[in-house]
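Per TrEMBL, the features are as follows:
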BINDING   His58, His145, His149  Fe cation binding site
BINDING   Arg92, Ala93, Asp94, Arg95, Asp422, Arg426  gamma-L-glutamyl-L-cysteine binding site
DOMAIN    21-153  domain 'DinB-like'
DOMAIN    181-437  domain 'Sulfatase-modifying factor enzyme-like'
REGION    323-342  region 'Disordered'
Amino acid sequence: MSQHQLSDLSDEGLRAFVGEQLERSRRRTARLADAVDTDDLIKQHSKLMSPLIWDYAHIGNQEELWLVRDVGGREPLRQDIDELYDAFMHPRADRPTLPLLGPVETRAYVEEVRDKVLDVLDHVKFDGGRELVDNGFAFGMIVQHEQQHDETMLATHQLRRGVPVLDAPPPPAGRRLAAPEVLVPGGVLEMGTSVEPWALDNERPAHAVRVAPYVIDTVPVSNGDYLQFVTGGGYQDPQWWSEAGWAQVQKASLTGPRFWEFVDGEWWQLRFGKREQLPLDEPVMHVCFYEAEAYAKWAGKRLPTEEEWEFAARFDPATGRTRRFPWGDESPGPQHANLGQRHLGPAPVGAYPAGASPLGVEQLIGDLWEWTSSDFSPYPGFRAFPYDEYSLVFFGPEYKILRGGSFATDEVVARSTFRNWDYPIRRQIFAGFRCARDPRPEELRA
Ligand code: AVJ
Ligand code: FE
């Protein structure tokens, strides 16, 4: 069963599916919190992030607001703490100074909320005519909220100093690719979705977009490729950088991707507390939008637009149809994509041939988020649902769109229509990029 077929389920089937998703996300949250000691749970590891304990209680608080109070119509459990866990009241940097619930109270609170939610789930009428509950949407939204915070918590783990506490098997091996780039013929894409029951407001509605022919990289840019830019003086030469990008290079003294180190004549990277030799065949990660943009210019290319990214991920040139995923309509399995924190990093390029699109573009879903050149803006016909603070208040040119999900993103989130966004200076997220370019005239004639 997967989320796009929810409307085919009986109420009992839907209840069971929602219950499994809630349980799965909570297991991950608890694992991320339980992996560290009390001190590391409550302290702030970076000004960019909340203390892990804030994410934990915020997950419970959002679940209480939407599922206990709104969907269930039940009495509040802890109205007094709403303000502490409202992301708009206190910036991340200030959160460690708040009178937050401690670890014992937090665990008790989220469990109490969950008990009530399971009771609400037992009694909810999915066909009661409430849009919020239709196909279990509010439950799906809260599962995705928890999974999104689990990715944020994993990013906090990456920023934490100290001995490693997380472990996972390595991702599958990479392979040599037949072609570094793919010519995409262009056409009309049905962008976004009006039919995925758990798609969030900014992915809606589906709308036709004409995309001109373009060329896109088969796989994300690798550490080996990016190293050429670094050692070739890319960070010393303003010609590759936008004005804002060059200002950021100077302001933040950027010399290479975050978590790279050059020691004793060799390149290393720091991953969840382990120092490892820089794997040249892995996609470059922890670069900001400006670094992605500069590399692309240096390589004689550019970043893809959000439309081009989604066209590469969903367009089937044989039928002209827009697919759910690059490989077809089935939900992602471990053979298709590196998702769900199964591995603790992106797989080497070429590791997922079964995840290729019909045009032969690979690793679009999973491994790492990909910066696009697009600002975060609403689709035509956008309607904020069920609250303005998920998407609406963020629309505008300050945010750049990222697509595809990372190794840290759960399957319940990683739709090919899912839109992520962040400031162009951010590097702590699990993000990299691939390049695109306009086709040369002779490529179009061929
Ligand atoms: C969509 C990942 C940008 O983490 O700020 C979490 C998701 N919204 N809680 C974020 C979100 C509210 C959001 N991103
Ligand atoms: Fe949140």
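Cβ atoms here come from the backbone N, Cα and C positions, even for glycine.
Keep in mind it's a predicted model, so treat the numbers as computed, not measured.
All features noted in TrEMBL, drawn onto the structure.
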residue: His58; record: Fe cation binding site; DSSP class: helix
residue: Arg92; record: gamma-L-glutamyl-L-cysteine binding site; DSSP class: helix
residue: His145; record: Fe cation binding site; DSSP class: helix
residue: Asp422; record: gamma-L-glutamyl-L-cysteine binding site; DSSP class: strand
To the nearest whole angstrom, what is the C-alpha distance linking His145 (Fe cation binding site) and Asp422 (gamma-L-glutamyl-L-cysteine binding site)? 16
For Asp94 (gamma-L-glutamyl-L-cysteine binding site), list the number of other Cβ atoms lying within 10 Å of its Cβ atom. 12
Cβ-centroid neighbourhood (8 Å) of the Fe cation site, His58, His145, His149 excluded: Asp55, Ile59, Gln62, Glu146, Gln148, Thr152
In angstrom units, rounded to an integer, how far apart are the Cα atoms of Asp422 (gamma-L-glutamyl-L-cysteine binding site) and His149 (Fe cation binding site)? 15
Asp94 (gamma-L-glutamyl-L-cysteine binding site) and His149 (Fe cation binding site), Cα-Cα, nearest whole angstrom: 18
Neighbour count, 10 Å Cβ-Cβ cut-off, for Arg95 (gamma-L-glutamyl-L-cysteine binding site): what number do you get? 21
Just how spread out is the gamma-L-glutamyl-L-cysteine site if you go by the largest Cα to Cα distance in Å among Arg92, Ala93, Asp94, Arg95, Asp422, Arg426? 20
Quick check for the class: what is the C-alpha distance, in angstrom and rounded, between Ala93 (gamma-L-glutamyl-L-cysteine binding site) and His58 (Fe cation binding site)? 15
Roughly how many Å separate the Cα of Arg95 (gamma-L-glutamyl-L-cysteine binding site) from that of His58 (Fe cation binding site), to the nearest whole number? 11
DSSP helix, strand and coil counts for the region 'Disordered' (323-342)? 0 helix, 2 strand, 18 coil
Separation of alpha carbons, His58 (Fe cation binding site) and Arg426 (gamma-L-glutamyl-L-cysteine binding site) (Å): 22
Give me the long-range Cβ neighbours of Arg92 (gamma-L-glutamyl-L-cysteine binding site): same chain, 6+ apart, Cβ under 8 Å, in sequence order. Lys47, Leu48, Met49, Ser50
Nearest-integer angstrom distance between the alpha carbons (Cα) of Asp94 (gamma-L-glutamyl-L-cysteine binding site) and His58 (Fe cation binding site): 15
Taken over the domain 'Sulfatase-modifying factor enzyme-like' (181-437), the predicted model's pLDDT averages 98
When each of the binding-site residues His58, His145 is scored by other CB atoms within 10 A, the minimum falls on His145
